[in-house]
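Peer 1: Questions regarding the structure given below will be posed in turn.
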Amino acid sequence: MTTLVGVDAARGRRAARAGWWSRWAGLAFVAPFLVLYLWLMIYPLVSGVIMSFQYKDLLSGTSEFVGFWNYEDLSIDPIFIGSIFNTLRFVILTVPAFVVLGLLIALALNRPTRGAAIMRTLFFGPHVLSVTVVTLIWKTVYLPNVGMIDAGSTALGLGPLSILLNPDWALAAVALVTVWWSIGLPMMLFLAALQQVPQDIYEAARLDSASPLRILWTITIPSISKMIVLVAVIEVVLQFQVFGQVNLLTGGGPNNTTRSMVMFIYQAGFQQWQAGYAAAASQILFAIMLVAAGLQFWVSRKPAES
Amino acid sequence: MRLNKTSTALAAAALVAALCAQAAVAQTEIRFARFFGSCEADFATVTDPSRATNECGVITALTNQFNQENPDIKVVTEIVEWQPYYEQLAGRLAAGDVPDVSVMHADVLGEFARRGLLLPLSEDFPEVGIDTSDFVASGRENVEVDGEIYGLPQDFISWLWHTNKALFAEAEMLDAEGNPVMPTSVEELFEQAAAFKERTGKPYLALPVDAGSIARTFYTLVWQQGGDFFPQDTRQIALQTPEAVEALTVLKRLVDEGLATAYTDGSVGNSEFQQGGTGVVTQGTWMIAPFVAAADNAEMALADYGVYPLPQLYADNAQFSAGHTWVMLKSDRRTEEQRQGALQFMKFLYDHNGDWARAGHLPSRQSVLDSAEFQELPHRASIMSIPGNARHHPNTINQQRVMFFTIGEELSAAVLGQKGIEQALADAENRVNAVLRRAR
Amino acid sequence: MAKLDPQEPVFSRLSYWLVIALSLCWLIPLFWVLGLSFKPNEELSYGLGTVFRAPYTLDNYSDLIRSSQLGRWILNSVVVSIIQTVLVLIICSIAGYGFARLEFPGRRALFVFVLIGLAIPRQAIIIPLHAMFVDLDLHNTYTGLILPHLGTPFGVFLMASYFRALPRELEEAAALDNASRWKIFLTIALPLSVPAQITLAIFTFLDAWNDYLWPLISATRPEMYTLTIGLAATQTNFDQSEGIGYLMAQAVFAGLPMLILYLIFQKYVLRAVAGAGGR
């Protein structure tokens, strides 16, 4: 009797242990990532918030609580406010271009020909280059007086355009480089979505002899609307963080028209050694991005739901 | 499968470990951080500095020579670009991983020293045979903070009036000694520039307006009028002054009237000058050697080159000056051998101050400045007046680099017509003061 | 894929030709740079228009190979990108499987918590991250360059949605054979997830290869520069550079390996990128 009870108990314990294990095994799978995530994303996020309320010197590392001082200073810093507007302008210049142009290219190249395949490869190609190679290339295109564009415009009798020096055009020029560099991603995402649209809908539409524009508007775009939103959100998140192209092509000029928020953060931190100030600017960037991405998601969601 | 994955992970981990371990440093290796570019292609094995005439060549050859003469010390050069040099240095200081000998502009040395980041060298220099009394006065001003010496002044740089005398001859604007006629007032400047343009069909001046360059021209013009940037205290710059408005107006008028061409990329202006496209270019002392070389090159249109201080347009013959210095950043990781090695390297650079001067700079040692060898170098005689007229911000002003580029950005916007003169100066003043106010 | 229609409407054909014209705009800068890289620097100082006429030279490339630290920087980039890719694949596959297939207390909440991380911009935490790595003494090391990317949730999200879409039957059969969760993951789920692995690998590799801001502030010793940073350092001032031809040779030298790799593996790359969208 006792032995039986003992065996039962042992079996029960084993079962319980197995149950315990199967209950928690999953956690063991996700634990390594969670640790890294907490350590390298959440902890810096929180310490960044704390730092934004400190006067922190980058070089000495000394810090002192200053309340909202950094934020107050940011709110009257014309360069910071300018950088917010520059960044917004950049997002407005690039994101629609990525969505519209990406979709147009995808539509045109959504065919099984060799030519289309070659062009898909070509459009995606610059995406594998690093930002510094891209800016090296485009610097010689934009170089005032002697660059490709100015040489061309001079030959046409227009005189040098010096695009990167023109406060009205410099940011657009950087946006153009960005589109050239990374149109491949939206194009491929749209192609993937287009190929999942069932062909029979098109057949039916063609039988109704609907115009291609109508087909595009009533069938294609609604069928891939989810992807359009996804591409827009991805690009908003990416382009809000623009830094490399600006830093290397214009350095924030001319007349501060291209200084982006991330560039401001970098300069505050590493030129002026004001880590607390830079951390406060980072929080504003984070907040604006959250709002922008959320807003966009919400706006594009609405019609689909109704 | 399991084995495969595990071994991949292990291999990756091992690789990480191996690569980290590699950071260990060999004995008496001196890390030497500098800008001045990389010219390994031409000077990788050259140990004779007299074969070089530009900054990069001279310093590379000097480093090679030192390594050859001192087999127990190995100076490893870390070439950082000029523009992001201090951002990179800030990163390294924050990380506590600093070079042993670093180049540092004179205008920031004061702040680094006051922050306790630099090793005081007053006692070490005499020990290794560096005579601090031989430093020229303004070089010494640059490296001395509160009575303590924090660096080895390497040179004395200034902002000059580089001229194409052949074009001035064409414009019949050479004086009896064959030097270009220099304006002595703003009116004369405009008269001469207009006359030059009329007779040669070319703009008088190539004016680099990138942030760094234009600030130098501007500082000179303000100082020549006796203007004071810091009338109240060291934490408040005054840029909305009559002197500043006057200086910026002159520059803008020159460009607006077509007498000067503004170049946002200095190298384009330089190449225009070398091709005979303009009478004058304002550039630093470091361009003397390249321009001399260009004048010797038959393919270049620049044939008869002459260089002078900026013309004295106002009461005071002030000239912008700055300098490079060698410093030792404080570090817990530096061994005594490395410290000694670094000092020896500095002594070597001190001994070879004359070689460096061949790149176009004025030497930081009085004995070299006075030497016949230096004075016989091309064009040095015409700029010998500069040390006596040199002006710079006192080293008690913080954040001089940020200030310099911020002012330059705003001035550049004004000269290019992107914002009004008053607006640009007000913006520059506000931006600089915001930075100075935040700095502690 | 849509069939090529012999009766293709004018509209469609027009758009096709428009895109062909556009693709020229994508090509021209590449050829322009290639051309410049074969020009002697002295001649380019007369104007870049000289690119259209002889002489051409290989000097820029030989100077590059003889002197520059480009090789070292490429090595750094390769090491960092490959190790990072391998580690991200391992960590994210395991975690993704855990979230997709295993039940454990708090799984849902944890997954949402991880998803929130997708909204944290990396650039916005760079200042505190820099301070943190100062304390850990990790700057100017490969570890310091690799680590910050390992906490990014994108890969977990991608792998989890892939595992979730796999049919459960195969795993259930193995579970009946008393195989452990780990064994099921390794022998059944993992091999099936290769397409997603390739997608994640390509994204991670490109991301690591092209990273700019973090290496800019973390790798401040020239010998620890990645290619991106090394090249950036040489172009801040065209003034002081060794000539435009030389810079362009650098650009070609640095860009070409990636372009060649891309051309070889383009099928996988494009499929992988498209695959990420399918999720």
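The count begins at 1 with the first shown residue.
Backbone N, Cα and C define each Cβ position, glycine as well.
TrEMBL labels come from automatic prediction, so no person has curated them.
Keep in mind it's a predicted model, so treat the numbers as computed, not measured.
Pasting the feature list from TrEMBL:
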- A:21-42: transmembrane segment (TRANSMEM)
- A:84-296: domain 'ABC transmembrane type-1' (DOMAIN)
- A:90-109: transmembrane segment (TRANSMEM)
- A:121-138: transmembrane segment (TRANSMEM)
- A:169-194: transmembrane segment (TRANSMEM)
- A:215-238: transmembrane segment (TRANSMEM)
- A:277-299: transmembrane segment (TRANSMEM)
Peer 1: Is it the case that the transmembrane segment (A:215-238) and the transmembrane segment (A:21-42) touch, counting contact as three or more CB pairs under 8 Å in which the residues of each pair are 6 or more positions apart?
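Peer 2: No; fewer than 3 Cβ pairs under 8 Å.
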Peer 1: Any residues 6+ beyond the ends of the transmembrane segment (A:121-138) with a Cβ under 8 Å from its own?
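Peer 2: Answer is 105, 109, 177, 180-185, 187-188, 244-245, 248-249.
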Peer 1: For the transmembrane segment (A:90-109), find every same-chain residue at least 6 residues outside the stretch whose CB is under 8 Å from a CB in it, and list them.
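Peer 2: For the transmembrane segment (A:90-109), the nonlocal Cβ contacts are 116, 119-120, 123, 171-172, 174-175, 178-179, 182-183, 185-191, 194, 216, 220, 228, 231-232, 235-236, 239-240, 242, 260, 292.
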Peer 1: Residues sitting near the transmembrane segment (A:169-194): Cβ under 8 Å, six or more positions beyond its termini, same chain?
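Peer 2: Sequence-distant neighbours of the transmembrane segment (A:169-194): 86, 89-90, 93-94, 97-99, 101-103, 105-107, 109-110, 120, 123-127, 129, 131, 134-135, 138, 142, 161, 163, 220, 223-224, 226-227, 230-231, 234-235, 238-239, 242, 245-246, 249-250, 253-254, 257-258.
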